[in-house]
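Per TrEMBL, the features are:
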DOMAIN    49-166  domain 'P-type ATPase A'
TRANSMEM  6-25  transmembrane segment
TRANSMEM  180-200  transmembrane segment
TRANSMEM  212-239  transmembrane segment
TRANSMEM  698-717  transmembrane segment
TRANSMEM  729-749  transmembrane segment
TRANSMEM  761-788  transmembrane segment
TRANSMEM  816-834  transmembrane segment
TRANSMEM  846-865  transmembrane segment
TRANSMEM  885-902  transmembrane segment
Amino acid sequence: MCDDYYYYAGCIILISVISIVVSLYETKKQSITLRDMVASHEVNVMTVSRGDGVFEELPTSKLVPGDVVVIPQHGCMMSCDAVLLVGNCIVNESMLTGESVPVTKTPLPNQPDSDEVFSPDDVHKRYTLFCGTQVIQTRYYGAGKVTAVVVRTGYSTTKGELVRAILFPKPMDFKFYQDAIRFVQVLFLIASIGMIYNIATFLSRGESAQRIILRTLDIVTICVPPALPAAMTVGTIYAQNRLKKAGIFCISPPRINMCGKLKCICFDKTGTLTEDGLDLFGVVPLQENRFLHVVQHPTDLPIGPFLTAMATCHSLTMIEGELKGDPLDLKMFESTNWILQEPGRETTRFDNLIPTTVHPPSLDTLFTSSTGFDGFEQIAFEVGIVRQFVFTSALQRMSVITRTLGNTQMDLYCKGAPEKVASLCKQDTLPEDYSDVLHRFTMKGFRVIALGWRQLDPKLNWHHAMRVQRETVECELTFLGLIIMQNSLKPETTPVIRQLKAANIRVVMATGDNMHTAISVARDCAMVDEEEKVIMVKASPPSKNSEAVIHWEYAEVNLDNELTVSTAEESDASYHALNIVRADAYHFALDGRSFGVVRQYFPELLPKICVKGTIFARMSPDQKGQLIEQLQDLGYVVGMCGDGANDCGALKTAHAGISLSEAEASVASPFTSKTPNIECVPTVIREGRAALVTSFGVFKYMALYSMIQFVTVMILYTLDTNLSDMMFLYIDLVITTTVAVLMGHTSAYHKLVPRPPKGSLVSVSNLFSILSQTVGVVTFQLGAFFYLTSQSWYPAEKLHPIINDDEHNVVCPETTTLFISGSFQYLILSVIFSKGPPYRKRIWTNVLFLVSVILLTALTAWLWLYPPTVIREFLMMKLIPDEYIVFKITVVLLAVMHFVIAESIESFIIDRNIPSSCLKKCFGKLSKPKKKYKIIGKELSDNPHWPPVGDVTREAEQNVRETSDVHVSLQVQ
């Protein structure tokens with residue numbers, strides 16, 4: 001028998017070369033795509049200031065931290081992280097955040113006495129121009145230049161860190177891949193057993209050492225197929241292509257399989273669950289310190305602080321003749337009908353300052369005075385925006401310093417979250433019914449913005465205004481009133497939420513919006529059902545006179561569909577009113593402040609709150625990431641869906657982050673959907689499940705393919721023969737490669753079912769499937785062999801061959817029979833492991849796979865029953881005369897019987913999870929949940945005293961230092 005395997009080795013080398021070339025091409029293509037996605041194409045050279053009015057042109061690759069660069073007037077693509085020193089910039093950060101709304105960057109305040117450490121990714125983000133972002137326009141004063149100092153370059157930049165995260169992602173703790181490695185180790189163990197048997201057999205025959213080594217190494221390549229890793233990626237590749245056709249782009253393909261195990265999805269609210277744009281419902285101004293009725297059209301208001309605040313307190317800018325900015329700011333400004341004018345070269349007012357100005361529709365409006373809004377003077381009313389304090393998630397507000405034409409005194413207008421603005425206002429300017437009115441609007445799902453105003457010190461000039469700290473001027477405000485914005489749900493939101501809940505996938509809202517608004521939206525979109533309770537968790541940090549506490553209060557639904565908050569005193573009535581609801585039918589709602597307090601002072605309660613928490617309001621970007629990490633610690637496979645901007649950290653922290661963005665791809669998250677609604681979430685989960693099931697099926701198929709060939713070769717080695725070179729080629733290339741590649745072409749099923757696919761290869765069902773099919777393979781191969789040996793025409797002397805001619809040893813009935821029997825088994829198992837519903841469509845929808853299986857089955861049967869001489873000699877098959885047609889047909893019938901039995905095992909035993917159910921009945925311990933969130937959920941449902949609604953949970957410190965540890969216990973008052 002020939003040991004050179006010229007044909008087989010040549011084909012393997014050719015396939016390996018093709019695979020390497022294709023792999024290199026794909027790697028190169030992905031590298032080019034990534035480079036194009038993150039490269040700075042527009043500016044290769046920047047102007048660097050060398051002091052004393054000296055400037056130098058430098059390639060961007062030569063920039064180092066400390067260089068002061070000049071930002072061009074027409075804008076540029078930033079190639080480094082730089083802190084703005086002079087001037088303002090309008091920046092598009094969609095590449096990094098997925099947020100398409102331009103943002104305004106302002107100069108870093110001059111604080112020579114401050115000990116604050118510069119943090120570009122946190123508190124000083126609003127002063128930093130990030131690498132990879134597009135500077136659209138610059139704003140400068142007089143003849144000055146817009147300058148910035150370089151702080152980070154290359155991979156140290158924010159974009160560089162994101163690129164590194166793509167190139168070297170955080171290892172995913174996915175059990176499937178861990179089990180695959182273990183299973184390969186098992187295959188090595190089986191190969192070792194075969195090697196030992198092989199060595200013993202050949203030694204007993206006195207074979208040469210070279211022949212023994214060659215045959216032994218053959219066993220390894222048979223048991224552990226080199227194509228296994230590539231075959232396992234087939235399902236992921238097909239899923240990625242289907243997602244791309246659906247407008248969902250993936251830059252991290254391994255995450256697709258993770259999506260198949262998602263058990264919890266976190267959603268941002270604004271722009272994700274609700275419409276991106278806001279509609280103005282109305283405004284509620286004050287008169288004599290009392291709220292007026294809702295005014296639907298702000299144009300009906302007289303010119304005064306309230307209307308001026310709406311016209312000036314925003315970050316809008318003109319880009320190519322069109323107003324751009326935050327949707328809320330746009331709606332607010334447009335409702336005033338005022339006109340915004342950007343600075344021009346001819347502007348010479350305001351102490352040589354070139355500000356943005358706003359004025360009423362007609363400049364004929366004559367209304368202003370040098371002391372504010374009290375008197376009248378015959379001057380056109382026009383307001384210049386001197387300085388902006390931009391909105392930040394941490395402060396939850398923004399403000400502007402303005403000056404009215406003809407006035408020497410400047411004003412400050414502030415807008416933001418009602419609770420934040422109210423805390424900055426003089427308490428005597430707040431109406432008595434402030435809380436009630438705010439509560440009424442937020443409970444109806446409106447987004448409420450509060451306005452405040454103050455006149456600044458007359459001595460404050462332009463230069464001081466440019467340097468003053470916002471904390472210095474954002475105080476002692478006069479409360480002006482409320483702006484009521486209507487943020488309606490997207491039509492796709494509720495059906496998707498219901499679909500996810502029906503699939504037993506937990507849904508969570510993490511938003512920066514108001515608590516009551518978030519609760520209302522959660523009920524409207526069916527995240528919280530009508531019969532379910534919402535319990536507000538209000539935590540307060542410790543103070544000088546008290547310890548940290550948690551108040552547990554109901555937010556219950558009344559008959560008029562409005563929400564009211566039950567206080568501790570009303571708790572008994574609340575219990576009575578809701579006693580018809582199931583004890584476990586409740587959801588926790590808490591804001592970012594309470595989340596931080598619980599996380600710091602009540603860590604033992606945090607897992608319980610996160611298991612039942614559905615609404616997380618007023619969450620900062622960092623807190624969203626912390627929430628996802630906590631859910632992951634509880635055992636959830638977590639997805640995050642948001643529209644970029646404040647969701648970047650959470651999108652990257654989650655197992656599967658989905659960014660809703662018009663960009664084809666961004667480095668903000670692994671998945672980017674061009675469809676601006678959450679319909680992409682079920683699509684990603686369905687494709688993830690299909691890819692995971694495909695990976696399982698292909699893995700099991702490749703494992704059984706190894707077992708089939710292993711059994712065949714071990715039987716033939718016992719007879720001192722083997723498959724021919726061409727037989728190996730037919731098996732490996734014609735059959736196995738074809739079906740393994742096409743198995744994953746089956747599309748995802750159109751529905752989400754409650755039970756996700758198994759995530760472990762070593763689950764009871766998978767192990768039973770592999771073991772039972774292996775037994776079937778061995779049984780029917782041995783059956784075919786012994787049926788051959790029982791034939792009267794079978795040459796018994798072949799069992800103990802004395803001829804050493806390799807070709808004669810190969811061309812024998814045993815080799816031919818086992819070759820055909822094995823070929824049928826490869827095709828049978830490819831069909832058996834091509835699972836259909838509930839995770840993939842029916843097998844007949846995969847036309848390519850079905851046609852290939854039918855053709856290969858027909859070809860194999862033809863080679864067995866009526867082999868043409870040329871092909872038979874090429875494959876080195878033994879001619880079995882037609883007079884033994886009964887024997888041939890019986891072998892085919894054995895294959896049919898094998899198919900029926902194998903399909904029955906999969907359909908009636910494996911798919912119905914019978915092995916696992918039997919073990920659970922025999923060993924009760926196996927039925928206990930292993931996931932931490934399941935254990936906690938069961939404990940909470942079994943505890944009739946949880947949650948302690950109406951009670952107060954306090955932190956009690958016991959300074960017991962027996963082992964120098966501080967033991968903290970929680971006691972419920």
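Backbone N, Cα and C define each Cβ position, glycine as well.
Packing against the transmembrane segment (761-788) from elsewhere in the chain are residues 176, 179-180, 182-183, 696, 699-700, 703-704, 707-708, 711-712, 715, 794, 813-814, 817-818, 821-822, 825, 829, 832, 887, 890-891, 894-895, 897-898, 901-902, 905-906, 909-910, 913, 915-916, 919: each is 6 or more residues past its ends and has a CB under 8 Å from a CB in it.
The stretch from 212-239, 729-749, 816-834 that makes the most Cβ contacts under 8 Å with the transmembrane segment (180-200) is 212-239. Summarised as a single figure, the pLDDT of the domain 'P-type ATPase A' (49-166) averages 81.
Listed as Cβ neighbours of the transmembrane segment (816-834) (distance under 8 Å, sequence separation of 6 or more from its ends, same chain) are residues 697-698, 700-701, 704-705, 708-709, 712, 715-716, 723, 727, 730-731, 735-736, 739-740, 743, 746, 773, 777, 780-781, 784-785, 788, 843, 846, 849, 853, 856-857, 860, 863-864, 875, 877-878, 880, 891-892, 894-895, 898-899, 902-903, 906.
Remote same-chain residues near the transmembrane segment (846-865) are listed as 734-735, 738-739, 742-743, 745-747, 820, 823-824, 827, 830-831, 834, 871-872, 875, 877, 885, 888-889, 891-892 (criterion: CB distance under 8 Å, separation of at least six residues from the stretch ends).
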